[in-house]
Amino acid sequence: MKLSTADSIFFFLPYEFINPIILLIPMATIIFAGRSNVGKSTLIYRLTGKKVRRGKRPGVTRKIIEIEWKNHKIIDMPGFGFMMGLPKEVQERIKDEIVHFIEDNAKNIDVAVLVVDGKAAPEIIKRWEKRGEIPIDVEFYQFLRELDIPTIVAVNKLDKIKNVQEVINFLAEKFEVPLSEIDKVFIPISAKFGDNIERLKNRIFEVIRERQGRRV
């Protein structure tokens, strides 16, 4: 699956900022990725008002889904990691498809939103490290950065986290994010209740402007 560079229109800005240069800026492409069952599809609904197939069973979203939102393209990637009811070889194939899609389209992706379960992530990361393995969330973040894709980490399930800053500091250490960048990279949210959604939305558009500004 290849993104079309022909899908090009300017992104929304206040009227007074629109000029001929802005008209040349391609439509923004935003990908949402994360483990299965971290609230990715719920978050997309909170941001766009558009429903994508979601449910309580891990791995409900198994195909790449594209959504048009305010003249931007939202891409909901299948959840990676454990997928209930699917053979391991199918899970690996889906993971490979995600990797190949992102590699093939890296230059056209303006921002990636990596959604993590703020309550479960620390324990999952510790468990993987105890086995001597690189945690999949950490590996995926590094993969996105190696492709030079600006990445925001949406730390979901804020309503279930006792010490939010402690969790963010832990993730920042594991993701190797400098102290000066923590507030730009990690946005604690609750997709279920809508907490901090506007902050995340503002950060997404800020990154888009920075990314596309370098292309002009």
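Cβ coordinates are placed from backbone N, Cα and C, and glycine is handled just like the others.
What Swiss-Prot annotates here:
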type: DOMAIN; residues: 26-210; note: domain 'EngB-type G'
type: BINDING; residues: 34-41, 59-63, 76-79, 156-159, 189-191; note: GTP binding site
type: BINDING; residues: S41, T61; note: Mg(2+) binding site
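Annotated features taken from Swiss-Prot, shown on the structure.
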residue	record	Cβ within 10 Å
G34	GTP binding site	26
N37	GTP binding site	22
K40	GTP binding site	28
S41	Mg(2+) binding site	22
K63	GTP binding site	11
P78	GTP binding site	21
K157	GTP binding site	22
I189	GTP binding site	25
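A straight line from the CA of G34 (GTP binding site) to the CA of S41 (Mg(2+) binding site) spans 10 Å. Separation of the C-alpha atoms of K63 (GTP binding site) and S41 (Mg(2+) binding site): 12 Å, rounded to the nearest whole number. Rounded to a whole value, the Cα-Cα separation of S41 (Mg(2+) binding site) and K157 (GTP binding site) is 13 Å.
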